[in-house]
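Annotated features in TrEMBL:
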type     : residues : note
DOMAIN   : 24-139   : domain 'Glyoxalase-like'
REGION   : 242-264  : region 'Disordered'
COMPBIAS : 246-264  : compositional bias 'Basic and acidic residues'
Amino acid sequence: MTDDSFAAVAARASMVPLLPCSGDEADLDALVAFWSALGLEVTYRQRRPNPFVAFGRGGIQLQYYGMPGWDPEQSHSTCLLAVPDTEPVHEAFATGLRALHGRLPVAGAPRITRPRRRANNAGLSGFSLVDPAGNWVRVTRAPDAPVVAGEGGTTSWASAGGGALARALENAVVLADSHGDVAQARKVLGGAVRRARAADGDPTPAELAPALAYLVELAVRAGEAGSARQVLTELESLAAANGANDDVRSATDEARTLLEDTAD
C-alpha cells in the first residue's frame, strides 16, 4: 500500500474506543440505562457468546465488552471525547444523570465533574464522566490549533495574573478532576488557603472565593456534607461583605447550587 492510498483510507476511517465491563446482564442493562439517559442510542447489543453493547450519537461512538471479574473501583480504562464546546455536552449529561438518579452524582460510579480549564490540558475546558463500569470518559474542548509541547516535552498552563492561591486551585483541579484524588486535592488547596490567610495581607475576596467554592465541591465529593456547608457559610459571608464583586457572588451561587443538587 502506498502512502497516498493509506492516506485516502485513513481519511475515511474511524477509531472506536472499547471499554470493559463485567458483562453481566444487570451491568449491561445499567450501561444501557446510563447512556440512554445521557442521550446516546444503543446501536448493537449481543448477549452470547461474548457480552457486548455499542452506543452512538453523531460522531460519538462507544463500545463495551464483557470482562469476567471486572472491578469498577480498580478501573484504569479511559477515552477522550473532543468537542467544540463542553458546556452543552455537560448540560445534557447532567440533565440525564439527574433524571436517572434524582440528583447529580459527584462521587462513586457513575459520577461527573464540572467543566473547568485545566492546567494539564493546555488551559482547555474539560470535565470527566465516570460510567457505571468505572471507566473515565474525559470530555475536552478541541483545541483551535495543535498543542505543541514546550521545553522538556511538557505542556503547562496557568491563568493570567494568578498568584499562589490561584496556582494551588489549578493544581487541585488536576488532582481531583483528572486524577480522581479528592483527598490530596483538599489537602493542597486547604493548605494554600491557610497560608494565604496567614501571610501579610489577607487574600482579596476575588482570590479567595474560587478556592472556597472548590473546597465546597471537594467536601461534597468526599462525602462530608457538614464540612461543605461550613465552607459555604464562610463563602456566603465573603459574598455579603463590602468589596465582593459579581465573580464572588457567582462562585457562591454555584457552590450553593452544587450542594443542593447533590443532596440525597
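Cβ from N, Cα, C; glycine included.
All TrEMBL annotations are machine predictions without curation.
Sequence-remote contacts of a segment are chain residues at least 6 beyond its ends whose Cβ falls under 8 Å from one of its Cβ atoms, and for the region 'Disordered' (242-264) they are 98, 103-106, 114, 204-206, 209-210, 212-213, 216-217, 220, 225, 228-229, 231-232, 235-236. Summed and averaged per residue, pLDDT over the domain 'Glyoxalase-like' (24-139) gives 92. DSSP labels the residues of the compositional bias 'Basic and acidic residues' (246-264) in these numbers: 16 helix, 0 strand, 3 coil.
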